[in-house]
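For reference, the structure discussed in these notes is given below.
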Amino acid sequence: MSFLNKEICDGDNPDLTEERRTATFDTDRMAQVIYGSEKFAARRRQITKSISRIPALQDTKPLAFMTREEKITEACRELDVLSDHWEQLIYVNDEEEALHLHREVIGMEGHPFALHETMFIPTLVSQASDEQQEKWLGRARKREIIGCYAQTELGHGSNLRKLETTATYSPSTQEFILHTPTITALKWWPGALGKSSNYAIVMADLVIKNKSYGPHPFIVQLRDEKTHQPLPGITVGDIGPKMAFNGADNGFLGFDHFRIPRGNLLMRHNRVEPDGSYLKPPHAKIGYSSMVKVRSRMAMDQGLFMAQALVIAVRYSAVRRQGFLEDKSQEVKVLDYQTQQHRLFPSIARVYAFIFCGLETIQLYEKLILDVNKNGDTSGMADLHSLTSGLKSVVTHFTGQGIEQARMACGGHGYSMASYISEIYGVAVAGCTYEGENMVMLLQCARALVKAVELVEEGHPEKLSPMMAYLTKPSVTVDLTVGPEAYVKIFQLIAKKQAFKATEQLHKFMVAGDSRDVAWNKSAVELTKASRLHTRLYILKTFIRRVESITDISVKAALTDLLNLHLNYELLDVASYALADGIMSSTQMDFIKNQLYSSLEKIRPNAVSLMDSFQFSDLQLRSVLGRRDGHVYQNLFEWAKSSPLNQSEVLPSVTQYLKPMMEKSKL
Ligand SMILES: CCCCC/C=C\C/C=C\C/C=C\C/C=C\C/C=C\CCCCC(=O)SCCNC(=O)CCNC(=O)[C@H](O)C(C)(C)COP(=O)(O)OP(=O)(O)OC[C@H]1O[C@@H](n2cnc3c(N)ncnc32)[C@H](O)[C@@H]1OP(=O)(O)O
Ligand SMILES: Cc1cc2nc3c(=O)[nH]c(=O)nc-3n(C[C@H](O)[C@H](O)[C@H](O)COP(=O)(O)OP(=O)(O)OC[C@H]3O[C@@H](n4cnc5c(N)ncnc54)[C@H](O)[C@@H]3O)c2cc1C
């Protein structure tokens, strides 16, 4: 069957055209599944098309050849152009469209609005009172002001209870006095803080009458709105170059008894009255909701990062020919090698799985904020916190691995910045650290798991949330040939065993006399293993649910192949647990392996189209290897020629050092 696939173009590399002709589904239909709706998938295409008509937004010079300052300047120029066209390009205030616009135009390097859109505005939405929103939200949305989220300090990022920046209330002036008492109290890392933002949400320890109330969010003006100079009492700057993400000015910030009005404490959920009396929030951690928001996005965003790397690697693998199979008259596409497929296809499956989870958790967060803001209902907070803590950790870890495999799958050219994979990798793996270091967040997820196991042990299984219900499932013998549900059952048994084992170990240390904290630390590796399995089970179940709900038959068939690959790959990956506990036999293992290998063969004809379906433009991909038209070699040569080193035949460094050195050696 051949579809009139929109990606097919006669001027393209014939190897890619051939791949596109073999697709068994329509990439526009697949895009609807990826992006959650026909409407949004169509809007994305429309926005991409509109962008392509704005000459000032077409990349001129490769980012790889720019200095950091040039990258930041270029990002600002593009933002300025975007701002002029904002209302024609996207529906104002539509977060997904704004993110698409930024991803497409600015690339991975980051930009001064990265935190404005993802944390500053969302914090105002979730934490500011109606009156405060009236004052700041409109201005922020119109980009009259640029904001960031300043929480992490030089000395503390994970343990928020020890943040040192203070906001001391002065009833006589009705002001908070922000202060940085030590070097370790300097805010350090916030994106776009260094040079771009003129406002920040600052998380500081609220102190009233010598009593500390813990971290609270304040809106703080950092720079003069006319001159952009830092206000007196504020020290602010850039923390220097990073592994990647160098178009963003992550910054430092210190306060010297800097005064802000009482009304700058975000007061949707808690209040400080003029006399200093404090009204506490309905949930102690409600002030952390912006972090939960970003974590709830991360499965989607990381999935898209890995998708970009895989579009590049899969397209390149279809035009790269090296070595022979049966026919010795023509070298084969490297995508035909089983090892190449095994390297790339399981990650393609994970991309789809992660994105399906992201679609779900983004909605869960939106619902939570509605419940909290409209009805004061905080009952969903604990579950979403534990779910997104585990999910961000597992997803970022596998995304890093998948992108690195994509790089290696491109051989030597993958190592060139022309592939753009190194930048994607550098940005993606930052996600293992930001929004909560992965081990720390896995341990947050483990808290909920241990509590659930304890409920089962205490005879209260009815109190378990639906996500934990598998902890009560009895051991059964499973016939894997019956389909996905059998895989779920085995995974549930593995995850359940590990959750009980880790809890048992924790209890054993406590019975032996350790405090819960010490026992927790002695059990931490086992606890993180339990969290990973729990989270991977959620990912697997979400993937199954999503595929079952698809109505387009050909799209569903292609994704069923991918799902089968995922089920077999995941189970094989955790087989050591299953074998050790007698949950699976070695015969079942052989069955899984064979299923996995036949899935690779089934997916092969659709590989390019499964990645084309993400509909990333060449502008967004910024990759010579991943070009939609597949004309890799001539463009690699053009790219290399544009290197600044090639703008003269003899470099000054040769004249100054190498030539004299060689002359000296002749003497
Ligand atoms: C990410 C979006 C990117 C989109 C970009 C899109 C497009 C742009 C395109 C290209 C650009 C390219 C790249 C963009 C990439 C990157 C840049 C973008 C964004 C980067 C953003 C980064 C921002 C940050 O990093 S902000 C700082 C984040 N910091 C943290 O996460 C700190 C981690 N620590 C904590 O959260 C906490 O300290 C803690 C570890 C959870 C512990 O908290 P604590 O108060 O000590 O609590 P305790 O352990 O005692 O627990 C008590 C109890 O409370 C429960 N709890 C804790 N937190 C929560 C919560 N939030 N909600 C509910 N409940 C909570 C905890 O579990 C305990 O419960 P129990 O007692 O066990 O029942
Ligand atoms: C690209 C990037 C962008 C960022 N953007 C922002 C931003 O916009 N705003 C902002 O406020 N911050 C930002 N951050 C900071 C980021 O949120 C923190 O770096 C992160 O939360 C980790 O905290 P940390 O650096 O203190 O790590 P640490 O906690 O010092 O981690 C060091 C090691 O200690 C381990 N560890 C720490 N605590 C425990 C524990 N309880 N149990 C077991 N192990 C533990 C960790 O697992 C890790 O291995 C950004 C960081 C990066 C890299």
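Glycine too: its Cβ is placed from the backbone N, Cα and C atoms.
Any TrEMBL annotation is an automated prediction that lacks curation.
Positions annotated as domain 'Acyl-coenzyme A oxidase N-terminal' by TrEMBL: 26-146. Summarising the annotation, TrEMBL assigns FAD binding site to Thr152, Gly191. The feature active site, proton acceptor is assigned by TrEMBL to Glu435. The domain 'Acyl-CoA oxidase C-terminal' feature in TrEMBL is assigned to 484-663.
Locations of recorded TrEMBL features on the structure.
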residue: Thr152; record: FAD binding site; contacts (Cβ under 8 Å, 6+ apart): Lys187, Trp188, Trp189, Pro190
residue: Gly191; record: FAD binding site; contacts (Cβ under 8 Å, 6+ apart): Gly110, Ala114, Leu115, Cys148, Tyr149, Phe245, Ala248, Asp249, Asn250
residue: Glu435; record: active site, proton acceptor; contacts (Cβ under 8 Å, 6+ apart): Met291, Val294, Arg295, Met298, Lys392, Met441
Checklist outcome for this item: Helix, strand and coil residue totals from DSSP for the domain 'Acyl-coenzyme A oxidase N-terminal' (26-146) stand at 89 helix, 0 strand, 32 coil
Checklist entry - What three-state class does DSSP give Thr152 (FAD binding site)? => result coil
Checklist outcome for this item: Whole-number mean pLDDT, the domain 'Acyl-CoA oxidase C-terminal' (484-663), equals 97
